[in-house]
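Asks: If you look up TrEMBL, you'll see B:14-577 marked as domain 'Major facilitator superfamily (MFS) profile'. Residues annotated as transmembrane segment in TrEMBL: B:53-71, B:108-130, B:172-190, B:202-221, B:250-272, B:293-311, B:361-385, B:397-418, B:425-445, B:457-479, B:491-513, B:551-573 (among others).
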Amino acid sequence: MILRNTRRRPARRTAFAVLGALVLTITLAGCGSSDDGASSQGGDPIAALTAAKKKFDEASSVHFTMATTSKPAKGTDAVLGAKGTLTHQPAFQGEVKALYIGITADIPLIAVDGKVYAKLPFSTGYAVINPKEYSAPDPATFADPAAGISGLLLKLEDAKKTGEKRDGKLVVTTYAGTLPGALVAPIIPSADAAGTYRTVVGIDDDGRIATLAVTGDFFSGGGDVTYDLAFDDYGKNVTISAP
Amino acid sequence: MSQDSTRSRGSSALLALAAVAVAFAAADTYVVVLSLPDMMGSVGLSIDELQRAAPIISGFLLGYVAMLPLIGRIADLRGRLPVLVASLLVFGFGSLVTAAAYDLPSLVTGRFLQGVGGGGLVPVTLALVADIYPVERRGVPLGIVGAVQELGSVLGPLYGAAVLAFGDWRDIFWINLAAGLVLAAGVAALGRGVEPRPRRRFDVVGLTLLALWIAALLVVMRQPERLVTSVRWGGPFVPFGDDGEFFGSIWFSQAGLVTIGLGLGLLAWLLIAPARAFVDLRDWWASVRQADLLGALLLAVLLGGVILAFATADPEVQVFSDAGPVYLGTAALAAVAFAVHQRRAASPLIPRGAFGARPAWGSLLVSFFVGAALIAALVDIPIFARVTVYGDSQIKAALVLVELLVALPIGALIGGYLTRAYPSGLIAAAGMALSSFGFWMMSTWDVDALHHLSSSAVLALTGLGFGLALAPVNAALLATTEPAVHGVTSAMLVVSRMVGMLVGISALTTIGLRRYYAVSGDFPAPSEVCGGPTRCDRYSDLLQHAGIEQLHAIFIGASLAALLAALLAVVLFRGAATRGAPTSPLLGIGG
């Protein structure tokens, strides 16, 4: 009896030591997160959005990603995402994720000098395509100051500062409003031109657009779908040329 | 006396439950065939990267096969019950990792763990049969276990389709997790009457650590949006490095490190306090060491090398990536080491001389190619259905495969009867020739082939052919090996078929795609095809046709594998005295 008790004690002690170490780790981890990155962005949403648009338009290049986790219910074609680099040439180089006959395909794409070159599935080289015929956007126009992404910022209706949100290492200040579908469609072609889309813009500490989330009925009647856009690597020296 | 009879009734109930578990694990091999396109999309794979998705299936098979050298011996050392429960728990954990997967490696890791758990179930269940029934009465129960396993593979794609009808592919694995836990609880409860063992004390520390670890694992892997976008709580989820770097992985964040810490803490607790922990890890490890650990590791390296060699290829350019020959070389070394190890081991997995007769080792070879052809049917026929006519209905795509699967047991019965009267080599060859012909027909299918009734005939014929070959291959093996080793040699037949599946899905996909790219060369520009505009029906047809062509290339490969199996059966089974030998037509169709 006594023997068993003495045998047990060290085990219990180590158990507490292990637990103690873990609690410490968790507390330390918690400490790291407790600074609330209070970035004051000025109260006026219009001023902040205008400044962000200016920075976007002035940057020589921006890297961006676009993605949605939803899919159209029926086997219709849709653009589900994109990632790549935009320049103000205007040009785009990257990949577009498209849904085609119920199957997703990543399509390498270069848009420059008013032409769109795509490496379609099962082909080994780039071919010129007309993106309209593929119900895809011409990503080069994303960089257009008027019709592109930065143009959307000034057209945000009822823009209000809504708070702060974390985007990886960054903490962004969010501004929410709505956009008419006709303005969204050049970026995400499956948008309904007559619809209204709730839009949240995230602006980082440097006053640049970091995130853009557009929510609404993208897949005709399929309910709310959100497309998340993220922007980083502003102002890299990039020149995009035709393949 | 009466205690004995309740014990045996308990054993039978346990065996029934174990058989259900085996069916469930078998279903899991093929449950992914319909959701493969969706799973590929979720982890960022494009449809023209089929070869990279193959490990989602082969990873499961790898776990399944690599486990076999270990588990039989562990079950002898530790008793059937703990191994059965442990296998189900590992299967459940693998399902959890698969369901929460965030990229291809995590998905394949989950599938591998599922395979490890599933692979553990089969030998233990077979051992249970041996425990309960005397030698002369084992035929039927063994046949039932085999049949249940086959039933699982028929139901697998249907079960997957049923879940996909109301959920997404992750739901399949959440359900698997629940089923694994329920079955484990059931086995543990039933087993208490069969193998009484002292109850362990409730391990507060260990179970708390386990719960915390699994919770942390789920949160880090799933990255819940509300949490990671929170200014206050999201910080610990931010990786230290940048996206794409080594330290940019989700595990190199504060939350990730805490999860790893919890895992190590749990491990430390289990090792430091084995008497108090909920599982005695040291004791288990000792059993693993006593079993053939080296053999299992070598087998895993061998098969893993094959999977990686083909999966990393870029068939547009070549069959192997630059690292491909390195992977294959490693696999070859492991193969040699495994062979040497088998020769020198005190109690080798396969008793020496067991496969001395030509039809005996021949049956393994034939099984290998049967497996390679069969996996092409199971994986690529549903994909063909989804690419062509049933893009929006997984159920209908699954039913296409069922046309093949229902013919299989019919063929198996016919093959069993014919084997009594005719040479086994002839019947096996006839069956595989039929399947080979079926695949050849499939390689000519066009976009709307599945709308024609003739496609059903081809599918049924192919399934019938596979079924026909089952009994004669098994009979050739049994007729030329000692009765004392029939258990292990029959198991090797299943293993050989699974290895064939694993190599087949890896190699056929890559070689088939390479062949496709080599032959089809390059596409014309869309504007050339359409004469002005860059999209027209003709070009879309061309694209869809290309998608089908890559499947055609795989079907041709499968046809050749089936043909090879047929030729090998004719040559190698000659002289096997199978006529008149009583064989259960059900025996050995599992796999």
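Just so you know, glycine gets a Cβ as well, placed from its N, Cα and C.
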Asks: Grab the same-chain neighbours of the transmembrane segment (B:491-513) for me: Cβ-Cβ under 8 Å, and only residues 6 or more beyond its ends, written as numbers and ranges.
Replies: 50-51, 54-55, 57-58, 61-62, 64-65, 68, 122-123, 126, 303, 306-307, 309-311, 313, 315-316, 319, 350, 355, 363-365, 367-376, 379, 473-474, 477, 550, 553-554, 556-558, 561, 588, 590-591
Asks: For the transmembrane segment (B:53-71), what are the same-chain contacts with Cβ under 8 Å, counting residues 6+ beyond its ends?
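Replies: Same-chain residues near the transmembrane segment (B:53-71) but 6 or more away: 28-29, 32-33, 36, 39-40, 45, 83, 87, 94, 104, 107-109, 111-120, 122-124, 288, 291-293, 295-296, 299-300, 303-304, 307-308, 310-311, 349, 375, 379, 491, 495, 498-499, 501-502, 505-506, 509-510.
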Asks: For the transmembrane segment (B:202-221), find every same-chain residue at least 6 residues outside the stretch whose CB is under 8 Å from a CB in it, and list them.
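Replies: Same-chain contacts beyond the ends: 96-97, 100-102, 106, 227, 237, 250-251, 253, 255-256, 258-259, 262-263, 265-266, 269-270, 273, 276-279.
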Asks: Over the domain 'Major facilitator superfamily (MFS) profile' (B:14-577), work out the mean pLDDT and round it to an integer.
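Replies: Summing pLDDT over the domain 'Major facilitator superfamily (MFS) profile' (B:14-577) and dividing by its length gives 84.
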